[in-house]
Amino acid sequence: MIKARVTVTLKNGVLDPQGKAIEGALGTLGFSGVAGVRQGKVFDLEVEGTDSAKAEADIKQMCERLLANTVIENYSISMS
Amino acid sequence: MKSAVVLVPGLNRDRDMIAALTKVSGHAPATLWQTETTLPEGLDLIVIPGGFSFGDYLRCGAIAARMPVMRAVADAAKRGVTVLGVCNGFQILVEAGMLPGALMRNTSLKFVCREVKLQVANANTAFTRQYAPNQIIRCPVAHHDGNYFAEPEELARLEGEGQVVFRYAEGTNPNGSINDIAGIMNASGNVLGLMPHPENLIESAHGGDDGRGIFESVLAKAA
């Protein structure tokens, strides 16, 4: 089994109202000096097989076609 | 007019849409379950109604957009069939790549359910011919993720080509949408997505019929 982690984040320049709300809440808790918060998503995938290169290529397609909306989001893949 | 309504688990405005289409056109629409790969012959209009398809999991509309029926809807749109997506239906069209841009969380982070004012930004479309240019109409909205976003170049193209069809007017933008965009169409002009719910304002029992013109415009084109 091949394991991989996909991280999806909002592109720079795309407003993240949820991140802003979290940033505000951190300030309310007394954490001063938080200059910015961007919320993202993490997907942990288990892919059958042993061909890591093929799995990574497949996961890239999964990101392009479903896991990320590339209009507003970037993604990164980390194979473990 | 021969119409059809797409059904996906979690959509909940399908009944309102079916009632509106039946009342305006005099014919009940066909229904298209998510697994269908072929559509009825001779459709003039396919509507994707509002709701919360697949519980808004992953991103609003993301999973519904990958269901088999949407491939059939995309093929029909390429052949020139008129397609209308309302609210979650708009999100599904965007996720399916049938309309540009993306719909993000409202800037208020709150679900908004209220009436807004819409400006008919382009009255020369298959969906808006029954309205006057720049006419202001009333329309209800009910959504959590209606904040339209497009890259600056894409936005300039949409504005330049008249693809912005409806805009929130008189300071009623409920979601922070860029350029007050409430509804856009594709370059061919046969696919429209909008966040507000015109199907809920089509007769006096609704308190007005400002939304009726969208359905009547499509009906006039089909006749």
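Note: Cβ is positioned from N, Cα and C throughout, glycine not excepted.
These features come from TrEMBL:
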ACT_SITE  B:Cys87  active site, nucleophile
ACT_SITE  B:His197  active site
ACT_SITE  B:Glu199  active site
Integer Å value for the Cα distance linking the residue listed as 'active site, nucleophile' with B:Glu199 (active site) is 11
Mind giving me a neighbour count for B:Cys87 (active site, nucleophile)? Other Cβ atoms within 10 Å of its Cβ, every protein chain shown. 28
Give the sequence-ordered list of residues that share a chain with B:His197 (active site), lie 6 or more positions from it, and have CB atoms under 8 Å from its CB. B:Arg13, B:Asp16, B:Gly50, B:Val86, B:Cys87, B:Cys139, B:Pro140, B:Val141, B:Ala142, B:Gly211
